[in-house]
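Here's what TrEMBL has on this protein:
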{"type": "ACT_SITE", "residues": "HIS248", "note": "active site, proton acceptor"}
{"type": "BINDING", "residues": "77-79, SER106, GLN128, TYR130, THR156, LYS224, SER246, 279-283, 302-303", "note": "FMN binding site"}
{"type": "BINDING", "residues": "ARG165, HIS248, ARG251", "note": "glyoxylate binding site"}
{"type": "DOMAIN", "residues": "1-353", "note": "domain 'FMN hydroxy acid dehydrogenase'"}
Amino acid sequence: MPLVCLKDFKAHAQERLSKSSWDFIEGVADEGITRDENIAAFKKIRLRPRYLRDVSEVDTRTAVQGEEISAPIGISPTAFHGMFWPDGEVSTARAAQAAGICYITSTFASCTLEDIVASAPRGLRWFQLYVQSDWQLNKQLIQRVESLGFKALVITVDAPIIGKRREDIRNQFDLMKSLQLKNLRPPTERNSVPCTQSPPISTSFCWDHLSWIQSITQLPIILKGILTKEDAELAVEHNVRGLIVSNHGGRQLDEVPASIDALSEVVTAVKGKIEVYLDGGVRTGTDVLKALALGAKCIFLGRPILWGLAYKGEDGVEEVLNILKNEFHTSMALIGCRSVAEINRDLIQFSRL
């Protein structure tokens with residue numbers, strides 16, 4: 001039986017993974033309220049289609065940070081793809097390149113950055129940075145990814161410490177003991193670093209440090225994890241080039257707003273000065289359209305990518321991306337939009353239910 005929507009991949013992925021690996025994908029902070037609301041909040045938005053328009057040609061292409069992509073869909077940074085498929089991030093990168101979209105590679109990738117780049121040399125890649133307490137290591141990582149051709153630096157800001165993930169605690173972190181961090185040492189030092197020996201994420205990283213990072217790289221800096229107008233305004237003041245509205249998939253602080261609910265506040269605050277993206281809760285092509293109508297330039301996909309990877313590696317990820325792209329194309333045609341530029345706030349309304 002063919003898989004026809006993103007949700008179909010979830011059950012197949014669960015069948016193929018150990019309980020601890022599955023819990024790592026689906027893990028949430030505390031009661032999981034935010035994770036569930038990320039999805040549910042999209043369903044409170046209704047569409048207002050416009051008819052009698054020529055939709056014989058629909059163009060889903062757009063651009064992020066000046067780079068063209070085939071659709072406003074990208075891959076969020078998620079860790080340790082090697083747990084879910086032998087080739088790990090190499091498979092993910094190849095699928096992203098084939099789909100013509102942006103892939104944000106995690107600091108905690110299973111594969112080396114060099115191997116990821118070599119596997120998909122034409123792909124558009126951004127690098128996600130967990131700022132480490134070792135500032136020399138941060139400098140080495142940033143300059144390394146810039147030399148490898150990554151096009152942006154995505155700094156995760158919502159994880160100075162790790163949220164309480166109950167299933168990880170119940171599993172006694174046994175999964176983590178064997179994980180290796182291949183990118184927290186220079187490429188000449190090929191031995192991986194076990195998680196338990198890795199430098200800690202900085203708990204003191206703050207706005208004042210952004211100028212130092214900007215001084216050592218030409219890469220545009222994007223902040224991932226922004227949810228409020230106050231932080232969005234500070235980001236503009238600090239010459240950040242983009243924001244990803246995200247709550248870490250509900251894995252950090254529980255009971256914060258769903259990403260789609262926080263989007264308008266952030267978009268309004270930046271006043272069009274920088275690009276705003278969304279991560280969290282997207283499961284259908286109409287979800288993509290709703291996010292764009294509320295001002296997102298692009299959405300990024302997390303868990304469904306890992307479902308596809310666990311199901312069938314590179315082919316599974318590409319299948320997930322193609323299904324979502326096709327659904328988005330269909331939604332555009334049925335709502336009366338011929339290009340991404342025609343998607344606007346007038347096409348949606350909030351349900352009273």
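A Cβ is built for glycine as well, from the same backbone N, Cα and C atoms used for every other residue.
Taking Cβ-Cβ distances under 8 Å and a sequence separation of 6 or more, the neighbours of ALA79 (FMN binding site) in its chain are SER106, THR107, PHE108, ALA109. In sequence order, GLY27, VAL28, ALA29, ILE162, GLY163, GLY249, GLY250, GLN252 are the residues of the same chain, not among ARG165, HIS248, ARG251, whose CB sits within 8 A of the CB centroid for the glyoxylate site. A 10 Å cutoff on Cβ-Cβ distances gives ARG251 (glyoxylate binding site) a total of 22 other Cβ atoms nearby, all chains included. Counting other CB atoms no more than 10 Å from each candidate's CB, the binding-site residues PRO77, GLY280, GLY302 peak at GLY280. Local packing around the recorded positions ARG165, HIS248 was summarised as the count of other Cβ atoms within 10 Å of each Cβ; on this measure the leading residue is HIS248. For the recorded positions ARG165, HIS248, ARG251, a Cα to Cα distance of within 10 angstroms from GLY302 (FMN binding site) holds for HIS248. Nearest in space to GLY280 (FMN binding site), taking C-alpha to C-alpha distance over the recorded positions ARG165, HIS248, ARG251, is HIS248. Site extent for glyoxylate: among the recorded binding residues ARG165, HIS248, ARG251, the largest C-alpha separation is 12 Å. For SER246 (FMN binding site), other Cβ atoms within 10 Å of its Cβ number 26.
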